[in-house]
Structures are given as structure tokens and as C-alpha cells.
Amino acid sequence: MKSDSPVHRESHTGCQSPCPLRCLPARLEGSTKRRLAANARERRRMQGLNTAFDSLRKVVPQWGEDKQLSKYETLQMALSYIMALSRILSEAERYSRTDPEEWTNIQYDHIEEEQCLSYMEVRCPRDCDRYLPQTFSH
């Protein structure tokens with residue numbers, strides 16, 4: 001019994017066998033391979049994204065060491081940090097034309113002496129040097 005239904009004709013397309021059921025495993029196998037390949041690509045993409053977030057977390061200031069920042073919090077902190085650095089640079093440029101010492105005094109007026117010493121001892125996080133050339137290579 002041959003069926004002329006659209007389903008039978010579609011599943012039979014390109015198949016040399018008189019029975020469409022014989023073609024089904026080959027089609028499923030091809031579909032499964034494509035799905036596995038797509039899953040592997042997505043897994044690599046997500047691993048790359050997570051690695052990038054881990055790298056960003058290492059260079060963005062964090063208030064506490066008790067918990068890892070979420071991706072959203074990491075992006076928010078990075079944005080705040082970039083804006084603060086940008087503000088500092090624009091203020092420094094503005095004051096450097098008139099009175100550089102005044103700018104320095106403004107920056108350090110609110111810092112106690114012992115805090116200032118601890119800030120001066122702060123070192124760049126491990127692997128920091130690795131990111132700077134990439135960031136400012138333009």
C-alpha cells in the first residue's frame with residue numbers, strides 16, 4: 001500500500017528505498033548531529049562569555065570578597081568604574097591647565113594619612129598587566 005499523503009512524500013524525498021521508514025533513522029541521525037554541533041558551539045560561546053566576565057571581575061573594584069559579583073553586578077560596577085575614571089581624567093585635564101596642585105589637594109583632602117599609605121601600597125591585581133595593553137592599544 002502506497003500512500004500519497006504529503007508526509008509520506010516529504011519523508012521519502014531523496015530516499016532510494018521504497019519504504020520511508022528506512023530513511024527515518026538517517027534523517028534523525030543527521031538532525032541529531034546538527035543539534036549536537038549547535039549545542040557544542042553554544043557551550044563554547046557561553047564558556048568564552050563566562051571567561052570574559054571572570055577577567056572583568058578581576059579588574060573591576062569590588063566592595064567585598066565574600067561573594068562573586070553576578071554578571072549584571074559586574075557590568076554595573078564596570079560602568080561605574082569607567083565613569084569614575086573618566087571623570088577623574090577630565091578633572092585632571094581641566095585642573096592641569098590652571099593649577100595641578102589644587103587638583104591633587106582636592107583628590108586627597110578627604111583621605112586620612114593611614115588610608116593614603118594603604119592606597120599607595122595597593123598593587124594591580126594578578127594578571128592586570130595582561131589586560132592593559134589590550135585595553136589601551138588604540
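Placed from the backbone N, Cα and C atoms, the Cβ positions cover glycine too.
The structure displayed is predicted, hence computed values, not measured ones.
These come from Swiss-Prot:
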DOMAIN    33-85  domain 'bHLH'
Secondary structure content, the domain 'bHLH' (33-85) (per DSSP, counts of residues): 42 helix, 0 strand, 11 coil
Model confidence over the domain 'bHLH' (33-85) (mean pLDDT, whole number): 93
